[in-house]
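Engineer: Mind having a look at this structure? Questions to follow.
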Amino acid sequence: MQIKKGLSDKEVAESRVKHGSNGFAPVKPISFVRRWLGNFGDPMLLILLAALLASSAIQILHYVKGKDVELLELLGIAMAILLASLTSAFFEHKNESSFQALQESANKVAVKVYRNHKVSQIFIDDVVVGDWIMLGVGDKIPADGYIVWGSVSVDQSMLNGESKEAHKSESPLILEAMGDDLLDAHQVYRGTTVLDGQAHMVVLAVGEATIYGSIAKSLTHTEERDTPLKVKLKVLAKLISRIGYMGGLLMALIFFSRQAMTLGSNWEQISTVYANDFPKLVDHILQALMMAVVLIVVAVPEGLPLMIAIVSAMMMRRMLKDNVLVRTNSGIETAGSLNILFTDKTGTITKGALEVVTLWQAGAIQKSANKILIETILHSAQSEYSEEQGGAIGGNSTDRALLNWVMSHYASMVNTITERKILDRVAFNSDRKWSAVVIEHNGSPLSLIKGAPERLLPLAMHYYNAENKILAFDEEKRQEMEQLMHEWSSQSMRILAFATRAGAVDGQHDLDGSLVLMGLIAIRDEIRPEVIPAINQVRRAGVQVVMVTGDRKETAVAIAKEAGILDEDGIALDSSQLNLLSDAELVENLPKLAVVARALPADKSRLVRLAQSKNWVVGMTGDGVNDSPALKLADVGFAMGSGTEVAKEAGDIIIMDDNFVSIRQALLYGRTIYKNIQRFMVFQLTINLSALLVTLLFPLLGFDPPLTITQMLWVNLVMDSLAALAFGGEVAVRRYLNEAPKRRDEPILRPFMLEQITVIGVLIFAISVYMIYSADIRLFFPYEQDIRSSWSTAYFTFFVLAALVNAFNVRTNRLNPLSDIMGNLMFLKVMAGILLIQILLSSFSGPIMHGYGISFVGWFIVGGLAGMVFLAGLVHKLIRTQVRRNE
């Protein structure tokens, strides 16, 4: 191959045929229709579908027998199913479209390549095996290959989690195949980033043949387990089904017995009638089955799927404002159930960029630097400061940290520094561990040296004092410095020494002992200040936080202690120590694990798998290709917005600002969703229980069900769509983070909620019985047409008002029903709207809704009966509060 020629168009085409494309087979987006149909796996929607089929069968039988066909109930159930499934599908599809747009923009990266005797720019997907690529600072390496000219420092943390820069240099041999040793001094890999230097590479592997691609391909075979909410809803669906079926069977038996008793005084007479008139037996059995189906339909909380869809959609919008992009609804609610979170360090807990922390100069720790040290930094830096970028660009991370510090604190001093003539430069390498710039000073060469303290300090016999006078080191001062460096190192700081030497130095000879120490500077990737309280809140919420990093153990421990992750009881392990433990031993130690250092990709997946074996809900953060398998395996994967496309594809939630605080917000929103679902279920199941009792027992008392089909349609609308809007708007309250996470196998309805449902549901039924039996109650309602019509209006109004006042009790566990109400004004608007519409329906709907008007005194009585429901809810809360205090 001719080095400067590169490939011709013909050779590019042949290479693409032989070795394949550098692009990955696009992940086929889930279509809206497929996403919609997928929602029908929800356990509650399955019950609703069964109820819809059963109701349809009843109406078909009515039609066959020549009876009136009631379509309103069918339409109500069908609308509940459609709204719930479509709402969920719409918002998931919308967020997925935003995500795909992010991914597509990431693939528009251009690379410089030699083709057809000239330098061209092509997109990363167009790179082929044999291409000659030019690499510079900041470039993402587009494929796997080897260096053929120059040298670069590369960040390979996206592949191996190791934050230490990897130095790559020109290969002395022509390579024909890639190895998988990331530490190879000449090979470079797709997805890594050039930090410093310039080089040319030849591509040896593209697409799925790269290490990056092979990891991405492996993600398609990961099995997913049910989310905690889905597990709980399956249990609830089974419970509701059993109650509905048992109630339906009882209803069928009661109705059949009542029909049969009209044929004779004993079973002998009844059996004779049925024997002689078989069609009558069939008719009675079918009528009994119809009543059973009606009762089952009443028992099903058809608004629950819609409510979950609405509240998830609302939270998705709010979370996006907090830099959290949710790809799937399940990702939000699962985040609220986390038991353990394995989190990255760099960029998530720390800022992801080195900063100067402290300075030793003139024999002591100083708050400011002198001019000669600033001049040394400016002359030795390989970075440049850009006003447009708002910081240093180019060079390595250490140079950028030093230059940013100088320009932030000493900009005025920089303007006074005279431009020096640069005579020579000595580049840093891993063997000598120092670099130097030789300047002209008063007509003579002066070497300004920067490097590792362990190399420079033994050679420094003198140091500059505050007046820039040269003083000799004594043993006490040297021990003082050694102690200081030990303290800095224990705080995960990287230390740089700066010295001068009269005359010129070169890279061919070792330094001698004639150095004069200017000072020591400690730099570190600082912890984000907002992260420490966020981690404290997450841990207080009962979530175990484990920092998993590629850094060395000492650095990881120092950061974890300062961030509040590692305490006295916590365990810190590195990868080698982790691998010495059997699965059983690691599971035993898992509750105390706080830090895993030098972590490998396999370690992360193992940690997730073992945590899940304890039935814990597991979260994992990550940004690199190496993190992707663990992100996919975890119950909820938090991918960083600045991470690789593969990591974001594997994640359930994208943290757009890479900040741990956003993970805390996801946890809070997840718990809010769970709380809102619980509130709605208590509200709806209370009304369902009272309606179930009325439907089941009123026929035994000799009365028809008190609510007509059209009235039930309005009640269902109140309980379903409108209530979903009201409860779905409840805000995220910080005190939710003071509660322990919910176990995966914990019922969604807690004992006190079941008590509340039972107490209020039975009370509404008892008031219903009182209203139908009490002649005194009827005296307060005018008999405009007949007793049945006016009483029906009053009962209809009572039932809706009872639901409304109960909603205020249900929305908060606090005694004050308006607690935190200003955060959800939608609740007040919805309740006010329902009340206004109910007044209009009760007064003017006539035969359609049996609304024939209620007198002022009648409204007072009906309101008072509904108020008893509100008072009962308050009393139940008081009793529960007292019981908790006594426990």
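Just so you know, glycine gets a Cβ as well, placed from its N, Cα and C.
Unlike curated records, TrEMBL annotations are generated automatically.
Model, not experiment: these values are computed from the prediction.
Here TrEMBL flags 1-60 as domain 'Cation-transporting P-type ATPase N-terminal'. Annotated transmembrane segment per TrEMBL: 44-65, 71-91, 239-257, 285-311, 680-701, 713-733, 754-773, 793-810, 822-841, 853-875, in sequence order.
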Engineer: Same chain only, please: residues at least 6 beyond the ends of the transmembrane segment (822-841) with a C-beta under 8 Å from a C-beta of the stretch. Say none if there are none.
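Structural biologist: Contacts of the transmembrane segment (822-841) (Cβ under 8 Å, skipping residues fewer than 6 from its ends): 714, 718, 722-723, 725-727, 729-731, 733, 796-797, 800-801, 804, 807-808, 811, 849, 851.
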Engineer: Please identify the stretch among 239-257, 680-701, 713-733, 754-773 with the greatest number of Cβ pairs below 8 Å relative to the transmembrane segment (853-875).
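Structural biologist: By the under-8 Å Cβ criterion, the transmembrane segment (853-875) pairs most with 754-773.
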Engineer: Against which stretches of its own chain does the transmembrane segment (713-733) lie, if we need a Cβ under 8 Å and a gap of at least six residues from its ends?
Structural biologist: 72-73, 75-76, 80, 83, 302-303, 306-307, 310-311, 314, 318, 665, 668-669, 671-672, 675-676, 679-680, 683-684, 687-688, 691, 707, 799-800, 803-804, 807, 811, 820, 823-827, 830-831, 833-834, 841, 849
Engineer: Report the mean pLDDT of the predicted model across the domain 'Cation-transporting P-type ATPase N-terminal' (1-60), rounded to a whole number.
Structural biologist: 74
